[in-house]
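Colleague: Sending over a structure as structure tokens; questions will come in a sec.
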């Protein structure tokens, strides 16, 4: 049975994740006008694009909301972000620069805590600003149902009646004015921005075009480090970790993890650290592009991985990177609380993170330009005294030991040579193999045939769309498409 409502449930309470922007404001007013009972829930996630988050719920009252609540999600979001950091749960990277999954982290927390707040008020229907082409519609759906199995979903922007009447910013603003309701006429930006305490996402509109670069974005957590007119002074910073958690910055301990992250953001931000331009694969396997900021997470990540490399052996590092990447994709898909994710997360936090204790000093310059000045810790596996190229009093092994070790390698080298000789005899090396294998085998059995041009386009095309589908597709939502 579908949990998604396609028409307004008149007479019932509907919870709306309320941002105070044009789209959610008009949605609340329209639902009240049409007979539903809107209740708004605003998440305080430390978002840098809303400096006065405390005032947002009061705005909802003016549009007819029966319940207006501000839910403080910052502590939970910081904790989940620290867990992701300890696990290296970041799977998207370009040119060595990672995306720190800051939006998926935020959705896991808000999608859970807002629905729980609604449940306390007896609200069983939930709506948010995610569009049907993006990731968030599925993330919120999964987390919402995990928090409340009886939840039903209503999104005005998937309701043909709503979109017919209020399909774009112009129609929305005119509707509010016609009904005597306040309208904050903010300037429409060339791209959409979504932020929380861990980072900011810039996407959609002009940024969908790959000939538009990162330099068109105005950072909200950092500075335009690419602009030579922006003065950025060199700065040294020391970050301390204990058992996989950051505990100090420049020797200072903080009253809460939230305060520590805010300080890390401030330091990384004034250097433009942690900005990246990514092409990624959405949940639905369509590619999208985003420009991301995460100055504090980037700073902590540099320090954490420096310590991880100093402490753990090669196989542990391989597991950390491989499983961390898998966990990052699960989080991206809205599966951060699924059993398979919890299993990976617990293993990495327990066997990788808890051993990570130490301090790293960095010299920050512009953007990703930094130097590591010092690395200290009580349990490093790095022992230069044992492997020095100079004469040492107590080396780990001597030349005769190494000769013996090399001799023991003869067996596996011989095995490798034997396999290569066998492959030559079979025609796998040096000559075409007489028996088709791989794609050639599939072609020989008829599973892969002629591939005429244009087939991929035919598969991806939706065909002739109905008027209603076209209208929903063109609905202009200022929240973007993530």
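Yeah, the Cβs are placed from backbone N, Cα and C, and that goes for glycine too.
The following feature annotations were taken from Swiss-Prot:
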- 17, 18, 19, 20, 21, 22, 23, 24, 25, 43, 129, 131, 136, 194: ATP binding site (BINDING)
- 99, 135, 139, 192, 201, 203, 280: L-citrulline binding site (BINDING)
- 131, 135, 136: L-aspartate binding site (BINDING)
- 461-482: region 'Disordered' (REGION)
Colleague: Find the one among the binding-site residues 17, 19, 23, 25 whose C-alpha lies closest to that of residue 201 (L-citrulline binding site).
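Modeller: Looking at Cα distances from residue 201 (L-citrulline binding site), the smallest one goes to 19.
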Colleague: Does DSSP give residue 25 (ATP binding site) helix, strand or coil?
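Modeller: Note: residue 25 (ATP binding site) is helical by DSSP.
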Colleague: Can you tell me which of the binding-site residues 19, 21, 25, 131, 136 is spatially closest to residue 99 (L-citrulline binding site)? Compare CA atoms only.
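Modeller: Going through 19, 21, 25, 131, 136 one by one, the closest to residue 99 (L-citrulline binding site) is 136.
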Colleague: Just to verify a number: CA distance, residue 139 (L-citrulline binding site) to residue 19 (ATP binding site), in angstrom, no decimals.
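Modeller: Residue 139 (L-citrulline binding site) and residue 19 (ATP binding site) have their Cα atoms 18 Å apart.
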Colleague: Counting across all protein chains shown, how many other Cβ atoms sit within 10 Å of the Cβ of residue 192 (L-citrulline binding site)?
Modeller: 19
Colleague: Can you tell which of the binding-site residues 131, 135, 280 lies nearest to residue 19 (ATP binding site) in space, using Cα positions?
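Modeller: Closest candidate to residue 19 (ATP binding site), judged by Cα separation, is 131.
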